[in-house]
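Features as listed in Swiss-Prot:
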BINDING   ARG25, ARG180, ARG181, ARG220, SER221, GLY222, ASP223, ASN231, HIS261, ILE262, TYR263  dUMP binding site
ACT_SITE  CYS200  active site, nucleophile
BINDING   ASP223, ALA317  (6R)-5,10-methylene-5,6,7,8-tetrahydrofolate binding site
Amino acid sequence: MATLEQPYLDLLNKIMIEGHDKEDRTGTGTRSIFGAQMRFNLSEGFPILTTKRVPFGLIKSELLWFLRGDTNIRFLLEHNNHIWDEWAFKNWVESDEYHGPDMTNFGLRSQEDAKFKQVYQEEMKKFDERILADRDFAVKFGNLGDVYGAQWRHWQKREGGFIDQIQNVIDQIKKTPYSRRLIVSAWNPEDVPNSALPPCHVLFQFYVNDGRLSVQLYQRSGDMFLGVPFNIASYSLLVNLIAQETGLKPGEFIHTLGDAHIYRNHFDQVKELLTRKPYDSPKLWLNPDKKKIEDFEMSDIKLVDYKHHGTIKAPVAV
């Protein structure tokens, strides 16, 4: 059996030792390096972390959300997925329609002030409940703009209409697998100012060789402790799904990062993680009866023999 997370652990250690301390947009501060790469051989297993529990259900529902072309958190909340809550909540509390307690810089304040954290959690709970109960409210405040689902499946054309990049790349893999243009891009400069969070995953490129499908992701910004473990599992799952539709076997996931950073308030968690011995990586099971990515439901995707250490909690920087 293989332990596939070692490149991730090595990169964490390198950033802690060699990284540059910097200020950042969130006010939290980071330690980072610029330009890093990890490689994961998907034929040996599935590279989800074992040194801490990573909730695979959240990864499945988020990826299916992207592949639906959805940009509204309502679908995620229906699957008890709160990954994107903070960005939608930020839109709500900064709007003229919000008249509740002051939520300025709620991410940092909730870490430093226990009383405020309780107020923040109550406001977030009310927000989530209203998104689920009030469709008009969800349309207005649950939408995150042109994030991944929109860019992947509904890239707006200047002359009108849209491009479905995912379907295009699947068609190209089937017809011209040797192509060097098997690319999906999420970065549209025109949309960046209006997006809740400009795409961190700028583009990814597929590569076919000897019956195997690989992908390389370029990620402009990577939150190494919280975000990147999700990204590794999500794109590894994406490769497997598209490989099944195109009749190929999974090859490699190559993860290239621009600003690879650890937030200052994650240092203790990273140190704890690095003391843990990884287990063998699990295997991925996909329902063999599903032949198109649109057909997959949550129950069609499972991990087999996922043994892991306990959860390590850390705050999200917004």
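Including glycine, each Cβ sits where the backbone N, Cα and C put it.
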CYS200 (active site, nucleophile) falls, by three-state DSSP, under coil
Rounding to whole Å, the Cα atoms of SER221 (dUMP binding site) and CYS200 (active site, nucleophile) are apart by 5
Here the 10 Å Cβ neighbour count for TYR263 (dUMP binding site) comes out at 23
Pairwise CA distances across ARG25, ARG180, ARG181, ARG220, SER221, GLY222, ASP223, ASN231, HIS261, ILE262, TYR263 (listed as binding dUMP) top out, in Å, at 36
Between the C-alpha atoms of ARG25 (dUMP binding site) and CYS200 (active site, nucleophile), the distance in angstrom, to the nearest integer, is 14
For ARG181 (dUMP binding site), the three-state DSSP class is coil
CA pair ARG181 (dUMP binding site) / CYS200 (active site, nucleophile), Å rounded to integer, equals 21
Candidates ARG25, HIS261 (binding-site residues); min other-Cβ count within 10 Å returns ARG25
Cα of ASP223 (dUMP binding site) to Cα of CYS200 (active site, nucleophile), in Å and rounded, measures 10
Once DSSP output is merged into helix, strand and coil, ASP223 (dUMP binding site) belongs to strand
